[in-house]
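In TrEMBL this protein carries:
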ACT_SITE  ARG424  active site
BINDING   GLU332, HIS367  ATP binding site
BINDING   ASP668, LYS809, HIS839, HIS841  Mn(2+) binding site
BINDING   ARG712, THR951  substrate binding site
DOMAIN    198-582  domain 'Biotin carboxylation'
DOMAIN    245-449  domain 'ATP-grasp'
DOMAIN    635-901  domain 'Pyruvate carboxyltransferase'
DOMAIN    1153-1222  domain 'Lipoyl-binding'
MOD_RES   LYS809  N6-carboxylysine
MOD_RES   LYS1188  N6-biotinyllysine
Amino acid sequence: MEADVDSKGNAPVVFFIPVSFHQLLDFQQHSHAKERSAGVLAEKVGHESCLVQLRREEKGQSFRAAGCVSSGVLYTQNGFHVPVERCRVQGLSEALFIPVVNTYDGKQQLHNTGIELSAGRLLAAVSRVTPVYREFSPLGTVILTADAVAPLDMYVATWNGKMLQLCFMRGGLGFLGAKRLCLIHAAFQSTQRVEYKPIKKVMVANRGEIAIRVFRACTELGIRTVAVYSEQDTGHMHRQKADEAYLIGKGLPPVQAYLHIPDIIKVAKENEVDAVHPGYGFLSERSDFAQACCDAGVRFIGPSPEVELEENYTRAFSEALAAFGNGALFVEKFIEKPRHIEVQILGDKYGNVVHLYERDCSIQRRHQKVVEIAPAAHLDSQLRTKLTNDAVRLAKQVGYENAGTVEFLVDKHGKHYFIEVNSRLQVEHTVTEEITDVDLVHAQIHIAEGKSLAELGLRQDSIRINGCAIQCRVTTEDPSRGFQPDTGRIEVFRSGEGMGIRLDSASAFQGAIISPHYDSLLVKVIAHGKDHPTAASKMSRALAEFRIRGVKTNIPFLQNVLSNDQFLRGTVDTQFIDENPELFNLRPGQNRAQKLLHYLGHVMVNGPITPIPVKARPSPIDPVVPTVPLGDPPTGFRDILLREGPQGFAKAVRQHRGLLLMDTTFRDAHQSLLATRVRTHDLKKISPFCPWQRLQELRELIPNIPFQMLLRGANAVGYTNYPDNSVFKFCEVAKENGMDIFRVFDSLNYLPNMLLGMEAAGQAGGVVEAAISYTGDVADPTRTKYTLEYYIQLAEELVKAGTHILCIKDMAGLLKPRASELLVGALRQRFPETPIHIHTHDTSGAGVASMLACAAGGADIVDHGRLGIQMEKVFDYSEYWEMARGLYAAFDCTATMKSGNADVYENEIPGGQYTNLHFQAHSMGLGNKFKQVKKAYVEANKLLGDLIKVTPSSKIVGDLAQFMVQNNLSRQEVEAMADELSFPLSVVEFLQGYIGIPYGGFPEPFRSKVLKDLPRIEGRPGASLPALDFQQLEKELRTRHQEEEITPEDVLSAAMYPKVFDEFKEFTATFGPVECLNTRLFLEGPKIAEEFEVELERGKTLHIKALALGDLNRAGQREVFFELNGQLRSILVKDTQAMKEMHFHPKALKDIKGQIGAPMPGKVIDIKVEEGAKVDKGQPLCVLSAMKMETVVNSPVAGTVKKIYVKPDMNLEGDDLILEIE
């Protein structure tokens, strides 16, 4: 609607006072005019809150103006006085608006001439733009809806004598949200003459990469630079990049130091600083800081205080308050799946404004931008024009100067909504610089000096888009844990570089300390290409080149974003991350080299990971690998197995003329000789850590020879009972990984357990070799329990069950030559078509004679170890193993057992256990009591009913024997006090029936006295167990170990040995592929100045040199220095011995659910429970803050708070114990 004009052609301007909105007054204007100059009191309007609707009628024309008024006056300009004549009250349900019409001779400017702005009075002046409903409060908060009712351009308001600037939207656009109004001083645009003043020294009131970005621009312009830094930033890079650096905020918290305006102004004045650049964040949008600079005679490189807009968008109160010193909040209208588009503007002091096109910032997490793109892909040209025109028009209306960003949301229909103006340089300004070739920081400085845009060569028609740029913010956040900030020391930093890549960083260098006090941004990576796909390709390549070790980063997440089809098509919106959960299927970096350095450093500082039984060092000589002829391996028995299956294999074995040998060097032979396992590293070398990995690698290297494994019947490869489906699944996966023969046995020869294992192995397609565990002496008529008839009857059952091969498993080496002839001869006579395999241990030294007797009796296969076998064709092979044995000197049985010992026929200790018991006695200082242990073993065996002693039954006997020696108990005393003693758990569970029923039953009354009222298991222990849910277990493992790729082998390992598997995963996650280290390095680490090579895989070899071992620091750590591939590397290793003597905050134990640890490093903000309080599962326990992000720690269990280990404001490291719940 057009307004009336006076005789000079000027339209009236109406001034209102802000109030609330619950009443409506309808005014009828008198037709007479009364001369009044602007600001003169016209008439009191009344003291009640009301809405004023003004209707003017004069010369047949009218206009409407409505405004919020209270306790004040109604003004007109140009001589029109508007009195109040009558009114009526109506209820209102909407918030209100204040539109007025003002043409000012066609100029869209507000002049300050003649306007009196006293306390509490509202000035509303507009020029044909869309109004919105608004409500004012004395604090300057305005609530807006999206309903437009009349043409409104913009308006300003006063409160207590200060001007409030509001935002506007042009016709047809909705207005979102609630904004906090910024206080300005007089008018929108200064009419004073601008004077050019060169800047010679600039101080950046900020830190990190933005400070360095400004310093570089200043250096290019020949301007001296000044940095400020907090006490926590003493070692930060930005202070080193400046010409001068000064401490601020001494004694203040880390963030508050950069918000301390008096200190910053003091530094500026004392050091003759001409101008201050605020960067972004901190004080960059604080008008009081800009004003303080002006008051101190220091130029503020940014908008003047008169037009400064305060940013509150997207920040929760406490985070905003901590990071920016401002906790204001606002809400906004919901727009479904919008794009977040922002326009870069530049304005000078002469009223000129240009735009530098737009950026797409839609890829956000928690409203924080992650990836930014310029220009916005597939943006309609007309929409681009609307966005840029609106941005420029707004900036001109408010007289905006310097750099700023106007932000919009664009809905799926192409309608755009204004969000806010960021009156500062944005983090993502880099992409605009890349596509326009305009240095925004240079422009900021020149504008502050007083130069015009024209003088800078910045005319709108000369600014063009050149290609596409993408920025990725690499942060020290862990995407797999909800982007929790990570802190610590950067051990390795190698960046991605090359054509089309720009890096802006500050703390990204080797040795940098990432603290929890500031933003987690590490480096900004900017890629520039001819188009969106090209820029994305360059970015992907650059991210793949990064190597950052010591702290977690979001690079794997960013790589997923860059490879996402939706991203590559350029069709992202603000819901992109939420709607693409596959972005969190992270591919963790291998980090193999650094992990191996950690392992070597740990061994150098703390000694071997593996307990060393005796003080014997590995041989310094590496074994020589014999020359292996090139070409395919010769045909072996495995070829027959693959071709003809298990039945054909068994038939071929039986029909073979001559004795077949089972090479046990890889397993049992060396287990009896060494109190450990030979490492995969040494096994692979002789074959031209994980058992599955070992099997896979050896299978590939030895394709022609059958592999055999031990299967403990229903116990699979463990020492306990498992659900039946676990045993079947294990055999299936083992066969798929290359296993051929399953030697199925039970430590008690308990037939039900054996039959289940045989069925599982057969169903998997393996060769079933049922093994009878041997004990006693079938040649001794006085040994009446385990007689020849016993073994024949048991063999009958096994052959009837379908075994392909029959085996005698002589774990203790008790099978004497005469007994061998009797037993094997009887079996051969009874089962002429079944292959017979004999396994023994040579503890007594009579093993060779026994094997010869077995062969004479009709055995088809006997076990042997190649160590010491003097055969011409295997000389080189034997030499390798003899040298390899020297590497395990600390575990070699000859270190304590110098020769074979025939007392094994008395104590019947299995070979592997004999060696281990011997080393255990020596390691515990009981080496001189080993004879007593062996005697007690005999007595313990009798107490338990004369068992067949194979793992785990042999361990039960051994545990009881050591218990007797430690407590100086005889067999008679144990029997007498059985109902009083606290026996080892293995003994109690055996008597309960956990491993099956022994031949001849349990010993009574010993069993009843030990168990008392404890439950007993009847029948096969595993028969009553529910089936294992492998899918659920896999899901749990993914969560527990934060890995997407959990293999079937991992699931089976966790099912068999849950604790061992967890320890293994933790070990490999910490120390990497230690199997690549040679055995000497693995056991004792390198010597100082030693150089060596580690082959990670074919074509990837590490060259390592150990340089030095540092002194102990206050944290109980030693710094270990290496040279890796020619570059210096250092790691910090905790000295475990020194740590015992120093006090440190306790860590939460992961396997104890009631111990609650800190999920991330940070400061304790709030403790929400007290000791003794009852808590529910999921109940908040405390709040931590780090890097401007707060995390609520919830209780994983229900219970009672036993003890609280933290206090408010305490700084914690990851996994520090917070409290205990019981």
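Positions of Cβ are set from backbone N, Cα and C atoms, glycine also.
Fair warning: this is a prediction, and the values are worked out from it, not measured in the lab.
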Please list, for the domain 'Lipoyl-binding' (1153-1222), how many residues fall into helix, strand and coil according to DSSP. 0 helix, 38 strand, 32 coil
When you rank HIS367, LYS809, HIS839, HIS841, THR951 by Cα distance to ARG424 (active site), which of the binding-site residues ends up on top as the closest? HIS367
What residue among the recorded positions ARG424, ARG712 has the most other CB atoms lying within 10 A of its CB? ARG424
Could you check the binding-site residues HIS367, HIS839, HIS841, THR951 and say which one's CB has the fewest neighbouring CB atoms inside 10 Å? HIS367
For HIS839 (Mn(2+) binding site) and HIS367 (ATP binding site), the CA-to-CA distance in whole Å is 68
Could you round the CA separation between HIS367 (ATP binding site) and THR951 (substrate binding site) to a whole angstrom and send it over? 59
For the domain 'Pyruvate carboxyltransferase' (635-901), the mean pLDDT of the predicted model: 84
Sorry to bug you, but what's the C-alpha spacing from THR951 (substrate binding site) to HIS841 (Mn(2+) binding site), rounded to the closest Å? 14
What Cα-Cα separation, expressed in whole Å, is found between LYS809 (Mn(2+) binding site) and THR951 (substrate binding site)? 12
